[in-house]
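So that we are looking at the same thing, I have put the structure below in structure tokens.
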Amino acid sequence: MANPNPVEKNEKSSQPSGTHKSTATPSRPFVKRIWDSLGITPLVVMFMVKGTVASTIALSIYQSQAVAANYLNFGFVMIIISITTVPVLPRGQFIMNLFICVLLTCLAAAMVLLGQYAAVKARESTKADGAPPDAYGTYNSSASVINAIFLVINTFFTNVLKAARPALYIPSIQFTIFTAIGFTFGPSQPTMEYSYSFVKELLYTFLTGQAIATGVAIFVIPVSSRKVFFAEATQLLRGFQALLKSQSEFLAIMRQYGSCADAHSQDVKSLRQRRAESLKMSLQRVISLSAKLQADVVYAQREAAYGHLKGTDIRDFYRLLRGVLVPISSLSTMTDISERLYRNRESNNVVAQSGEIHEKASGDGDILEDDKEDVDLDWQELVGSLHESFETVVQILDDAITHVLVLLKLAPVPISSSFLIRRGKSNSEDSTGNVDVEKGPRVPKPGDLKFGHYLEKEINDLRPYRTAQLQKWAGSKGVKSLMHKSAAWAQKDAVNGLGDQVLVRETRLRRQLSLVLYMEYLGYSIATTILALVQFAEAKVRDGTLSKRRLITPTYQTIKIWIKGMLFGHESKMSAEDTGHESEPGGAIRLGDALKSPRDPEHLPPKNSWQAFGDRVRSASHILGSDAAQFGVRVTIATMSVGIMAYLEKTHTFFIKQRVVWAVIMIIIGMKPTNGSANFNLACNIVFSVGGMASAYINWYVADGHTTGVIVVFAFSMAFWFYWAARCPRFLIGIVVGALTQVLIIGYELQVRVLGIAKATSTGQLYYPIYELAPYRLLLVLAGSVVAYIWTIFPVPITEASVLRQNVGRSLFVLAKYLSCVTTTVDQRIHDEEGDVSIKTSPGRRLQDMRGELLDELILLINAMQQNLVDIDWEPPFGGEFPKQAYSALVDEIQNTVQYLTVIAYCSEAFSKAHASSSTWLSTFAASRDRSRHKSHKAASLLTLLAASVAENQALPPYLTVPKAVHLSAARQVEARDDGAADDILDVTNLDEPGFRALGVIEVASARTIDGMNELAQIVKDLVGEVDFSFQIGKAKSS
């Protein structure tokens, strides 16, 4: 596999310090500094070159008379099509986009022919028998009405499809251009001969532009989807290295939290904030890369190529990367946990772990001044030992990631000595490469197939080492049990009560131990998932997969899934209610309502085929009443508010002469569903349209109007536009509008030079010299943008604030379902009721699929809300100020809660593995506790109420309380022994029992989940209020 050089060059500066020798960095040349400041990377250069070559070829070939004769007046449209086919896309993605573009182009040609055929027949019906046909351009009201109807229908369904399937946005642009030109010129076609010629020239123009884009995409700096995938996978693995380093650095500063009262506390606080920001930036980069990888892995699997890894290998590799992502991103919640600890430390509150998260337990209030030093020492000792072990693991995992990159041929073998030191052991090789037998066996290096065994041994040795450390620490501090209200605690409570200072101290120590177990378990999980990556890479080397290249083609199943996804927007999923009860080994399974289709309060489930048919008929009304259909109606009305001029007798000629069709096209392309994004797009369109006109003037007059010089300058201009498109994707629509403005001006002017004024005006358009044409083109583009904006905010604006509020309500409701699903999953796994997850109908598999769907929906909603918060700044401030800070806090809390619930679901897998190994301890624990379903239902009910209040803008019900934490460790006392003492199954001596550490992690995450729910409830209450009719009459103060 070819090494993706752009990634390597870009990532050198971000590699952990341990992977390369530290050398003095020489001062860079001035040109190099300028080049770097412009951000011109190989990826940006590829973007500029491919986009420029396609548009320049399309402009150049039209200068030949032999070529121009085939396209007549639509030659400049070829340039637009070559750009909108997007030749810069990777090969697999481009082929799919090309397939859809060609399909929609042919469909548009068929629709235009059908519409013009109906219009011609309508024209003929208004004429007397035997009358000669009308001349070209003769107005006919019947023909105009037919073309108008076809334009309305096609505009509506195109925009409904665009809103429902955002992936079809680019192909829909070409369909829009074709149908807009076809149906606005349709009333001018007197006979089908004219219509055939018109549609043929327009179709040839589109197909030629698409062919040019295809040639450029495949032959000019070809980039395969597989190469993009492996480049992004390399970046993601490098991101893991950087994130692990940031986590290690942040863990180092956590040990200093206890010293808040010291003189240097402000320095510690400042350092903590800097490292927290660094950690969040590293995490955000990893999440962003994983999102890109998720989108590109589909194309990499489907692509035919000549390489090493098959589509199934890419799928397995991606799943392993996702497996690393969950624990490594979950460990980054230490910033949120530490922030809460810091706030508690500043307020001298020690929070009890009894489930009453926001209330002080009796006797659990202020820490005595004499005890502060002990508190600091206890915390620093515990976290210090964790950091030392974690730092060692990070060094090994850094080399493990490099090992994966080397074996998969994504990076060269590093010349590094970072792997020569392992927990105090030095390598057995000296500087000359000779082995010193007195120093023991050689430590495997990245790229050595023995490295996997070495890594596995290091990970396995770490667990008992840390267990001994933690048990020693707990024994020295007198901590008997991991959980509050354990058997030992129950006995102490009966004698002393919680007010005893000793119990308060043990509460604090137990909480500290739980937090350390939380971070340690996630760190261990990171190590095991990276080990799985290492084993995958080594297996592919051993079985010869990476030894030679071979022809790789997509499987039939892959193609089938691709077609289904293109048609239905997602892969087909098994219905969750094929039957009311599903047979499984062990008995019948009754499905909960959440695993069935949503109920209709107005209709009972169909009992016969006729009622089922009626349900399908009613689904049409749901489609027509959807948000996508409402957006389609808006776009259609906006389009016809200008397009109507093409169908009225007094304005038809003006519409054709002044090329108003481009204003219609800009309306369809530029409309957005919300007010904030519309304001942003309007500002971008105005600025970039003016820039496009200015660029056209420069393009023409710098070359003094000479064709060759104009084409050369045009190429540089296009490179300029594509540079900004690559560097600033947020302004992509505005940049495209600016580039198209220049294309419309330069392309048409050179077209007239080739065809001559007579032919150029044969379709009814007036000829203007460039100094007049440019302002007219600019005016049309601006007019289309303004009309699109007007119909976005009129008659009722869909504001970003209302969309954000609806998204928050929806996300809270989905969060309630996700919480209930996760809690049910934990109960199933503890009691070993999952069944065989390889069977699609098993309870565990159903919940697994449901968790995945809910999590994907939450991630999409969170991304949408974050974009809403950005766009809302573009809305004009009418009335009171929008509470952006409150909504931002809501989004953050929702994201944190999702993260903690994901941690709970991930860690609960340990229970399934423990049952598989016949764990006696876990079976005993499962028998000693009740299910937490009733408590999780209370939490889900609260989130549902919050969701309804936000979405419907209704006040919260009175006396709303947040449930206590769903402790898995309820009912912790088992039967008494013969000596009368009660066994505590959560004693710290059970640290190595399968599932024990996972239990501690889930306890911490559950407490943080309830903590977040308190914050959510308070913020929502501040936003919508509470149904409270009480009042207080205050007494006037005496003067």
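Placement of Cβ uses the backbone N, Cα and C atoms for every residue, glycine included.
Feature list, courtesy of TrEMBL:
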type: COMPBIAS; residues: 13-26; note: compositional bias 'Polar residues'
type: COMPBIAS; residues: 574-584; note: compositional bias 'Basic and acidic residues'
type: COMPBIAS; residues: 596-605; note: compositional bias 'Basic and acidic residues'
type: DOMAIN; residues: 138-403; note: domain 'Putative ER transporter 6TM N-terminal'
type: DOMAIN; residues: 656-791; note: domain 'Integral membrane bound transporter'
type: DOMAIN; residues: 795-1026; note: domain 'DUF2421'
type: REGION; residues: 1-26; note: region 'Disordered'
type: REGION; residues: 574-608; note: region 'Disordered'
type: TRANSMEM; residues: 38-62; note: transmembrane segment
type: TRANSMEM; residues: 68-89; note: transmembrane segment
type: TRANSMEM; residues: 96-119; note: transmembrane segment
type: TRANSMEM; residues: 139-161; note: transmembrane segment
type: TRANSMEM; residues: 168-186; note: transmembrane segment
type: TRANSMEM; residues: 202-221; note: transmembrane segment
type: TRANSMEM; residues: 515-537; note: transmembrane segment
type: TRANSMEM; residues: 631-648; note: transmembrane segment
type: TRANSMEM; residues: 706-724; note: transmembrane segment
type: TRANSMEM; residues: 731-748; note: transmembrane segment
type: TRANSMEM; residues: 776-796; note: transmembrane segment
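Any idea what these are sitting next to in the structure?
Proximity of distant same-chain residues to the transmembrane segment (38-62), defined by a Cβ-Cβ separation under 8 Å and at least 6 residues beyond the stretch ends, is recorded for 5-6, 9-10, 68, 71, 75-76, 78-79, 81-83, 85, 87-88, 208-209, 212-213, 215-217, 220-221, 223, 711, 714-716, 718-719, 721-723, 725-727, 743, 746-747, 750-751, 754.
Sequence-remote contacts of a segment are chain residues at least 6 beyond its ends whose Cβ falls under 8 Å from one of its Cβ atoms, and for the transmembrane segment (68-89) they are 46-47, 50-51, 53-55, 57-59, 62, 97-98, 101, 170, 173-174, 177, 181, 201-202, 204-206, 208-210, 212-214, 216-217, 220, 722, 736, 739-740, 743-744, 747-748, 750-751, 754-755, 759-760, 762-763, 765.
Sequence-distant neighbours of the transmembrane segment (139-161) (same chain, 6+ residues past either end, Cβ-Cβ under 8 Å): 108, 111-112, 114-116, 118-120, 122-123, 125-126, 168, 172, 175-176, 179-180, 183-184, 186-187, 189, 628-629, 631-633, 635-636, 639-640, 643-644, 646-649, 652-653, 668, 671.
Outside the transmembrane segment (202-221), and at least 6 residues removed from its termini, the chain residues within Cβ reach (under 8 Å) are 46, 49-50, 53-54, 57-58, 61, 70-71, 74-75, 77-83, 85-89, 91, 94, 98, 101-102, 105-106, 109, 112, 174, 178, 181-182.
Away from its own ends, the transmembrane segment (631-648) comes close to residues 144-145, 147-148, 151-152, 155-160, 163, 180, 183-184, 187, 654-656, 660-661, 663-664, 667-668, 671, 673, 783-784, 787-788, 790-792 of its chain (Cβ-Cβ under 8 Å, at least six residues beyond either end).
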Would you mind giving the whole-number mean pLDDT across the domain 'Putative ER transporter 6TM N-terminal' (138-403)?
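Here the mean pLDDT over the domain 'Putative ER transporter 6TM N-terminal' (138-403) amounts to 82.
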Take the transmembrane segment (706-724) and find every residue of the same chain, 6 or more past its ends, with a Cβ under 8 Å from one of its Cβ atoms.
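Distant contacts of the transmembrane segment (706-724): 40, 44, 47-49, 51-52, 55-56, 59-60, 63, 88, 695, 698-700, 731, 735, 738-739, 742, 746, 750, 753.
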Test the contact criterion for the transmembrane segment (731-748) and the transmembrane segment (776-796): 3 or more CB pairs under 8 Å, pairs 6 or more apart in sequence, then answer yes or no.
yes
Where DSSP helix means H, G or I and strand means E or B, what are the helix, strand and coil counts for the domain 'Integral membrane bound transporter' (656-791)?
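Its residues fall into 114 helix, 0 strand, 22 coil.
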Under an 8 Å Cβ to Cβ limit, what residues of the same chain, 6 or more beyond the ends of the transmembrane segment (168-186), are close to it?
74, 77, 80-81, 84-86, 97, 100-101, 103-105, 107-109, 111-112, 115-116, 119, 143, 146-148, 150-151, 154-155, 158-159, 161-162, 195, 198-199, 202, 206, 639, 643, 646, 655-656, 661, 664-665, 668-669, 763
